[in-house]
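Asks: Just dropping this structure here.
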Amino acid sequence: MSTVGNSTNIFWQESPIGKTERQKLLNQKGCVVWITGLSGSGKSTLACSLSRELNNRGKLSYILDGDNLRHGLNKDLGFKAEDRVENIRRVGEVAKLFADAGLICIASLISPYRKDRDACREMIQNSSFIEVFMNMSLQLCEARDPKGLYKLARAGKIKGFTGIDDPYESPLNCEIELKEKEGECPSPVAMAEEVISYLEDKGFLQNE
């Protein structure tokens, strides 16, 4: 039985330093870049390239990688429906804290269910939640299969694998959609530049 949300006699402690002051210190605005898509669509590749490009510009970011988080924060969760919901909820809460700290948080997760991603959007200030949809075909992702997971899923060795025997619900109103070109995933630098262009246009890379 989950005890999430059942705590009593607790009170919110306000910080003496607010988000505005932290953003001024960093000369940037905190936000969450939420990268979603099938396994093998290039989420982690984009996250790493984006973080590197931001660092080169003197901007502070941090990557929340779905696999990495299952080594620690979410190591008690499996892949049942309720575990997947809790997985995304926890990551959303952590991402919210990073954004509040003034960082550009890059969350890279399959996050297959639309309602869970929308819940994270509601959790974070809407204008500070940037959903990036890696719109790569199942055929391309399965051909790439960098972790060999599709092969295992096709062989019946992995159950509930997104795109094979569990659905992926595409975003309806994402801020950025990255598509394959001529059956290939765009280059990491090209994808990162498109995201950075959006962040620049929306004023996240400076504090004014």
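Here the Cβ of each residue, glycine as well, is placed from N, Cα and C on the backbone.
Take a look at what Swiss-Prot says about it:
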- SER111: active site, phosphoserine intermediate (ACT_SITE)
- GLY37, LEU38, SER39, GLY40, SER41, GLY42, LYS43, SER44, THR45: ATP binding site (BINDING)
- ASP67, ARG70, ARG84, ASN87, ILE110, SER111, GLY160: substrate binding site (BINDING)
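Thinking about packing and proximity, how do these listed features fit into the structure?
Replies: Under the DSSP three-state reduction, SER111 (active site, phosphoserine intermediate) is assigned to coil, being neither helix nor strand.
According to DSSP, SER39 (ATP binding site) sits in a coil region rather than a helix or strand.
The 10 Å shell around the Cβ of SER111 (active site, phosphoserine intermediate) contains 26 further Cβ atoms across the protein chains shown.
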Asks: Would you mind sorting out which of GLY37, ASP67, ASN87 (the binding-site residues) have a C-alpha within 10 A of the one on SER111 (active site, phosphoserine intermediate)?
Replies: GLY37, ASN87
Asks: Let me know the most crowded of the binding-site residues, choosing from LYS43, ARG70, ARG84 and counting other Cβ atoms within 10 Å.
Replies: LYS43
Asks: Sort the binding-site residues ARG84, ASN87, ILE110 by C-alpha distance from GLY37 (ATP binding site) and give me just the closest.
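Replies: Out of the listed candidates, the nearest Cα belongs to ILE110.
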Asks: Between LYS43 (ATP binding site) and ILE110 (substrate binding site), what C-alpha distance do you get in Å?
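Replies: Between the Cα atoms of LYS43 (ATP binding site) and ILE110 (substrate binding site), the distance comes to 8 Å.
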Asks: What are the sequence-distant neighbours of THR45 (ATP binding site), meaning same chain, six or more residues apart, C-beta distance under 8 angstroms?
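Replies: Correct list: CYS185, PRO188, MET191.
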